[in-house]
Structures are given as C-alpha cells and as structure tokens.
Amino acid sequence: MEVERSKKDDDLNNGSKSNEEEEISVERIFEESNEIPPPWQKQLTFRALIVSFILAILFTFVVMKLNLTTGIIPSLNISAGLLGFFFVKSWTKILNKAGFLKQPFTRQENTVIQTCVVASSGIAFSGGFGSYLFGMSDVVAKQSAEANTPLNIKNPHLGWMIGFLFVVSFLGLFSVVPLRKIMIVDFKLTYPSGTATAHLINSFHTPQGAKLAKKQVRALGKFFSFSFLWGFFQWFFATGDGCGFANFPTFGLKAYENKFYFDFSATYVGVGMICPYLINVSLLIGAILSWGVMWPLIGAQKGKWYAADLSSTSLHGLQGYRVFIAIAMILGDGLYNFIKVLGRTVFGLYKQFKNKDVLPINDHTSTAPVTISYDDKRRTELFLKDRIPSWFAVTGYVVLAIVSIITVPHIFHQLKWYHILIMYIIAPVLAFCNAYGCGLTDWSLASTYGKLAIFTIGAWAGASNGGVLAGLAACGVMMNIVSTASDLMQDFKTGYMTLASPRSMFLSQAIGTAMGCVISPCVFWLFYKAFPDFGQPGTAYPAPYALVYRNMSILGVEGFSALPKHCLMLCYIFFAAAVIVNGIRDALGPKWARFIPLPMAMAIPFYLGGYFTIDMCLGSLILFIWRKLNKPKADAYSSAVASGLICGEGIWTLPSSILALAGVKAPICMKFLSMASNNKVDAFLNPS
C-alpha cells in the first residue's frame with residue numbers, strides 16, 4: 001500500500017484525458033439514448049447496497065491478505081466497477097425476463113456501488129491492520145527489546161477495534177465536503193484515478209462498452225477460478241512451516257536462504273500485471289541490493305558489529321539493519337514527496353487565487369472568452385443541483401470530533417483528550433492539502449501524515465506515559481481523516497463525470513465506511529485467530545509494516561540509542577539517498593525518470609526479501625509479452641485477468657482460515673532439502 005497508494009497504474013493515468021480533448025460529447029450520447037439521471041434517492045438502491053456488501057467482503061479479504069503479506073496493494077477501482085456492473089446487470093436481466101423490473105441499471109447506480117465498495121475495503125488499509133493497529137500488539141512488541149512494557153501494548157479485540165474505527169473514520173468525510181465545488185468545478189482538479197474510473201463506468205453503459213464489459217467479466221471469472229483452485233491445490237502440500245509450493249527453492253538453496261525464489265503466488269503475479277513496470281523493477285533492484293549484497297556483507301561482521309548469540313529476529317542484530325534502513329528510505333521518500341506535493345499545492349493555490357477570473361467569487365469578468373464544453377455545462381449543472389449544506393458538514397465534523405475526543409482516550413488511555421483536540425483542529429487543513437495534492441498528482445500522502453503524528457504525539461506523550469502506543473493511536477486518528485477526505489474527493493470527481501448526485505456519493509461513501517468498520521475488523525480477527533504464528537517474520541502472514549510502524553514510534557519516543565553499531569550512519573546515508581534519487585528523477589523529467597528506480601519501492605524488500613518481487617516481475621513480463629503480441633487485446637483484458645488472479649487466491653484465504661480454526665491441517669508436507677540434509681534424514685529414518 002505504501003507504494004501503490006502513491007504510484008498509480010500508468011495505464012490508468014494515461015487514460016485520464018480531459019473532456020475538452022474528447023471529439024464526441026459523452027453526455028449527448030447518453031441523452032440520445034433517452035437516459036435521464038434519476039433523483040439521488042433512486043441512485044441509492046437496495047440492490048446496489050446488497051451488491052456493494054457482497055463485493056466489500058470479497059475485496060476486504062483481498063486487501064487484508066495483501067496488507068498482511070507485503071503491504072503492496074494495487075488500485076481495485078476497476079475491479080469494483082466491473083464486478084458491480086456484472087452483478088447488477090445480471091440481476092436486472094433476470095428481473096426483466098420475469099417481468100418484475102422496476103428500475104433499469106444506470107451508470108449513477110454503478111458509481112454508487114464502486115464508491116461504496118472502495119470505501120469499505122479502504123478501511124482494511126487505513127484501519128492499520130497491517131501497520132499501526134497490529135503494531136500495538138504483544139506479538140509485534142516481542143520482536144523488539146524496547147518499549148515492550150504493558151503500558152505500550154494493546155492486543156487486538158473485536159470490540160475496541162470496531163468502536164475505534166467508528167469514532168475516527170467519518171470525520172474525513174465531513175472535513176472537505178464544503179470544498180467540493182471549489183475543488184471540482186472552480187479549480188477543475190483532474191483526480192486522475194477518479195476520472196479514469198468515470199470513463200470506465202461511462203463506457204460500460206454504451207452498447208459497445210457493455211459487450212466489452214461482458215467479455216472482461218468472463219476473463220476475470222476464468223482467472224478467478226484458476227487462482228482459487230490453485231490456492232486450494234497448494235494447501236494440500238503445506239501442512240507446516242517451510243512446506244509447500246510457496247517454499248520452492250527455484251534458484252537453488254543458497255538463493256532460497258537469501259529470500260530469492262518463486263513462491264507460485266497467483267496473487268502477486270496479478271499485482272505485478274497491474275503495477276507499472278518501474279515499480280516492479282525497483283522492487284527487484286531493492287531486493288538484489290539488500291539481500292544479494294548488503295545483508296551478506298553485514299552478516300559477515302557478526303560478532304564485531306553486533307553480538308553473535310542474538311536470535312535472527314532481534315533488532316539488535318542483522319534484523320535491526322534490515323528494519324531501520326528500510327524505515328530510513330521510507331521516511332526519506334515520504335518527506336521529499338510531502339514537501340514536493342505541499343509545494344505544488346501552495347503554488348497551485350497561489351496561481352488559482354492570483355488568476356481570479358476562474359473563481360466565482362470575483363465580480364469582474366474576464367475579457368477573454370472562456371469556452372465551456374457541453375459536457376462540463378451539463379455536469380456542473382447537476383453537480384451543483386443537489387447541494388450538501390455547509391452547516392451540515394461543519395456540524396457533523398464538530399459533533400463527531402467531540403464524540404471522538406471523549407471516546408478514544410477510553411480506548412487508549414495513553415492518548416489524552418488534548419492530543420486528539422489538537423489533531424482535530426489542524427486535521428481539516430491537512431485533509432484539504434492531501435485532497436488538493438491528490439487532485440493534482442493522484443498522490444495520497446495519508447501514510448506520511450500518519451507518520452508525522454507518530455513522531456509528534458509520541459514525543460509529546462513521552463516514554464514514561466506510553467508514548468509508543470500514543471503515537472500509534474495518533475497515527476490511526478490522523479490517517480483515517482486525511483485518507484477518507486482524499487478518497488471522497490476522488491469519488492466526487494467520478495460522480496461529477498457520471499452525473500451521480502453528490503448526496504448519493506456522500507451517503508454511499510458513508511455507508512461503505514460503516515460497512516468497512518465492521519467487515520475489516522472481523523476479517524482481520526479471522527486471520528488473527530486462525531493462524532497461530534500470525535505476525536511472525538518468515539511466516540505466511542508476517543504483517544511487515546506493523547513492526548516498521550512500531551519501531552518508528554519507538555524512535556520518536558526513545559531516540560537512536562537502541563540501534564546496532566553503524567546502523568545510524570547507514571540510515572543517514574539511505575535517507576539522503578532516497579531524497580537525492582527522488583530529486584534526480586524530478587530534475588530529469590518524465591522521459592528519463594522512468595529509468596530511475598523508486599526509493600519507496602526499493603525499501604520494501606529490504607525487510608521482506610525478494611520472493612514476492614519475482615512474482616511481480618513475472619506478472620510484468622507476461623503483460624510485456626502480451627502487449628508485444630496483441631496490444632489492443634492486452635490493454636482491454638489485462639486488468640480483468642490480473643483482478644481475477646488477485647481475487648481468486650485472496651478469497652481462498654476465507655476457507656483456509658475456517659479450516660485452520662477447525663483444526664484441519666493439510667495431509668502432506670512438501671519440503672526441499674540439500675543432499676547432505678537428505679542423507680541425514682534417510683539415515684535417521686532407515687538406520688542400518
């Protein structure tokens with residue numbers, strides 16, 4: 001998620017073209033087919049909410065699995081829109097044949113479904129189940145020698161997780177509602193992902209688009225079935241740790257020891273097909289640099305740089321270098337992009353207010369005529385028709401803030417009411433900055449704002465007052481506000497271009513958020529209870545960012561004294577390198593920047609290893625060859641095929657979790673041994 005929330009699919013963005021460039025008016029096409037947008041109450045249909053709920057569960061399992069394995073989560077907007085179209089279209093077709101169809105399926109209803117599903121599954125990310133929230137647990141605390149006292153530990157429980165999410169997840173929705181007209185109509189911000197999703201939904205509801213959508217759904221279904229059955233087949237051979245296809249030493253046992261192998265994950269092959277080539281190559285370069293060069297060299301200093309008798313998971317040993325150097329690169333990349341996007345935001349606002357002709361508050365008219373397309377006129381007219389009153393947004397924010405200020409300190413005693421009050425005072429400004437920056441660059445910095453809260457609130461609370469837990473809880477409060485704010489504005493852009501009412505979009509986002517506040521904790525709880533080694537390094541679900549976030553909080557509270565020898569110097573070097581590499585990328589421009597790796601992507605395998613990068617690079621290779629052989633077909637179907645691969649294996653986690661809870665284990669352990677180890681096993685089993 002750290003990568004994919006920031007770096008969107010290049011193909012998705014390339015499809016985000018402004019309506020001024022369109023030769024044919026989209027809205028005239030729909031008017032010729034006698035489509036009249038229904039009132040906002042009829043856009044929020046019962047069938048739309050039922051389909052949204054089903055898809056929300058599906059996508060939450062997918063996002064949760066990705067969150068707890070590597071933390072890399074691709075955009076699922078296309079999948080949500082496509083499956084929403086398929087389910088409701090099938091529903092209406094059956095009812096129409098039976099003579100019970102009361103309302104046709106519209107693009108506005110399709111937009112409502114997509115918004116609700118993405119809002120719900122988004123809680124699996126912003127809820128921190130793979131980062132700050134699970135980082136509070138004793139499972140993660142035991143992996144660090146510092147701050148693992150009861151004051152800095154809070155184990156997951158369904159009750160407080162659901163309650164916490166309900167009191168912090170809705171404020172972001174109210175914080176930017178009054179600014180929707182300024183952002184969408186006056187500033188005409190692009191919101192590339194929202195625009196691309198709108199183009200997709202509009203295309204579904206044309207005759208040619210409907211035919212293509214059916215073929216895409218068919219392709220998605222085929223690869224969903226393959227991925228699900230492949231996950232089921234693999235389960236039979238993985239009865240214990242180190243068993244199964246996921247531990248196949250593809251490049252030899254030495255490479256396997258250094259985390260270089262193909263683990264036969266259909267999910268990450270699909271993720272690789274969606275992620276841009278540059279991200280996948282950056283991940284591979286990071287894996288080679290760390291596990292191929294750095295860690296073997298630092299490991300050779302065992303007994304000199306760190307004690308030789310430390311366990312492999314001790315942060316005072318080699319694991320400390322892996323975790324803290326990765327943190328340094330993530331912080332360097334995050335700080336650079338925070339300053340860059342903030343600078344663009346301030347400069348963009350300066351230009352907007354300097355050129356007052358674009359603002360409706362100006363009484364003077366421009367001498368130069370401004371050409372407004374028919375589509376823009378029609379969309380603006382309907383977008384401004386169903387207003388959401390500013391008093392409603394302000395009242396909602398204040399009431400929810402008061403409830404949160406009272407409630408959250410009862411959940412986290414270390415986080416005081418005045419900490420939350422200060423965050424809620426500055427949060428609307430940060431939410432606006434994030435929403436505006438996202439509109440310009442498609443770049444959400446929600447996790448960066450969360451890290452700022454970790455350091456500031458954690459240091460303010462202090463080590464003796466549970467500052468580590470306070471920092472992690474503050475991260476959750478801040479992340480949920482700024483993340484939902486930018487998501488809502490993206491959805492407003494989608495609604496603007498599909499003629500969906502802002503009221504139906506707001507309510508859909510709110511309903512989806514409420515669904516996510518229940519579904520995500522329940523799905524996480526299933527993982528947490530089903531797998532005894534959950535959260536441990538080297539297991540099926542290591543939750544890598546949980547340890548990263550906890551150690552960020554420890555650094556903010558206790559400083560650098562706990563780092564192993566020379567680790568701080570290496571952290572400084574890689575922090576600076578991340579800033580410099582980003583600076584070089586921006587200085588060279590897009591033409592050459594595509595050949596320079598992304599520091600954020602390089603940092604992820606520093607801690608995890610290179611096994612998932614092999615899967616993702618294979619996905620890129622498949623897409624590259626497919627495009628060479630048949631580019632139009634690849635562009636039309638690659639997202640559907642990738643989504644099928646991701647969702648199929650993701651959904652297999654539900655039955656596998658239920659089997660684990662029931663105590664049912666796989667019958668076979670398939671392991672790979674060296675010749676020497678195999679001879680020892682044979683001698684033990686067959687003594688002569």
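Note that Cβ sites are derived from N, Cα and C of the backbone, with glycine treated the same way.
What Swiss-Prot lists as compositional bias 'Basic and acidic residues' is 1-11.
Residues or ranges marked as region 'Disordered' in Swiss-Prot: 1-26.
Look at Swiss-Prot and you will find 48-68 (among others) tagged as transmembrane segment, backed by sequence analysis. Residues 1, 76, 79-80, 83-84, 87-88, 91, 109, 112-113, 116-118, 120-125, 129-131, 267, 271, 508, 511-512, 515-516, 519-520, 523-524, 527, 534, 541-543, 545, 646-647, 649-651, 653-654 of the same chain lie 6+ residues outside the transmembrane segment (48-68) yet bring a C-beta within less than 8 angstroms of a C-beta in it.
Taken from Swiss-Prot, the feature transmembrane segment covers 71-91 (among others).
Summarising the annotation, Swiss-Prot assigns transmembrane segment to 116-136 (among others). Through the fold, the transmembrane segment (116-136) approaches residues 1, 5, 48-49, 52, 55-56, 59-60, 62-64, 67-68, 71, 73, 76-77, 80, 84, 152-156, 161, 165, 169, 446-447, 450, 454, 469, 472-473, 475-476, 479-480, 483-484, 487, 491, 508-509, 511-513, 515-517, 519-521, 523-524, 535, 543-550, 553 of its own chain, all at least 6 residues removed from its boundaries and within a Cβ separation under 8 Å.
Residues 123, 126-127, 133, 388, 390, 392-394, 396-397, 400-401, 403-404, 407-408, 411, 424, 427-428, 431-432, 435, 476-477, 480-485, 487-489, 506, 509-510, 513-514, 516-518, 520-522, 524-525 of the same chain sit 6 or more residues outside the transmembrane segment (158-178) yet have a Cβ under 8 Å from a Cβ within it. Sequence annotations record features per position, and here Swiss-Prot assigns transmembrane segment to 158-178 (among others) based on sequence analysis.
Taken from Swiss-Prot, the feature transmembrane segment covers 278-298 (among others).
Per Swiss-Prot, the feature transmembrane segment maps to 392-412 (among others); the stated evidence is sequence analysis.
Beyond the transmembrane segment (420-440), the same-chain residues lying 6 or more positions past its ends with a Cβ under 8 Å from any Cβ of the stretch are 171-172, 175-176, 179, 183, 187, 189-191, 341-342, 344-345, 348-349, 397, 401, 404-405, 408-409, 446, 449, 453, 457, 474, 477-478, 481-483, 485-486, 488-490, 493. If you look up Swiss-Prot, you'll see 420-440 (among others) marked as transmembrane segment.
According to Swiss-Prot, the transmembrane segment annotation covers 452-472 (among others). Panel annotation: around the transmembrane segment (452-472), residues 128, 132-133, 135-136, 147, 151-154, 412-416, 419, 423, 478-479, 549-550, 552-558 of the same chain, lying at least six beyond its termini, place a Cβ under 8 Å from a Cβ of the stretch.
Residues or ranges marked as transmembrane segment by Swiss-Prot: 506-526 (among others).
Residues or ranges marked as transmembrane segment by Swiss-Prot: 560-580 (among others).
Annotation comment: Swiss-Prot describes 606-626 (among others) as transmembrane segment, evidence class sequence analysis. A Cβ distance under 8 Å defines the sequence-distant neighbours of the transmembrane segment (606-626), meaning residues of its chain 6+ beyond its ends; these are 69-70, 72, 250, 258-263, 265, 267-275, 277, 279-281, 283-284, 286-288, 290-292, 322-323, 325-326, 329, 542, 544, 547-548, 633-634, 638, 642.
For the transmembrane segment (644-664), the residues of the chain that approach it from at least six positions outside its boundaries are 58-59, 61-62, 64-66, 74, 79, 219-232, 235, 265-267, 269-271, 273-274, 526-527, 529-531, judged by C-beta separation under 8 angstroms. Taken from Swiss-Prot, the feature transmembrane segment covers 644-664 (among others).
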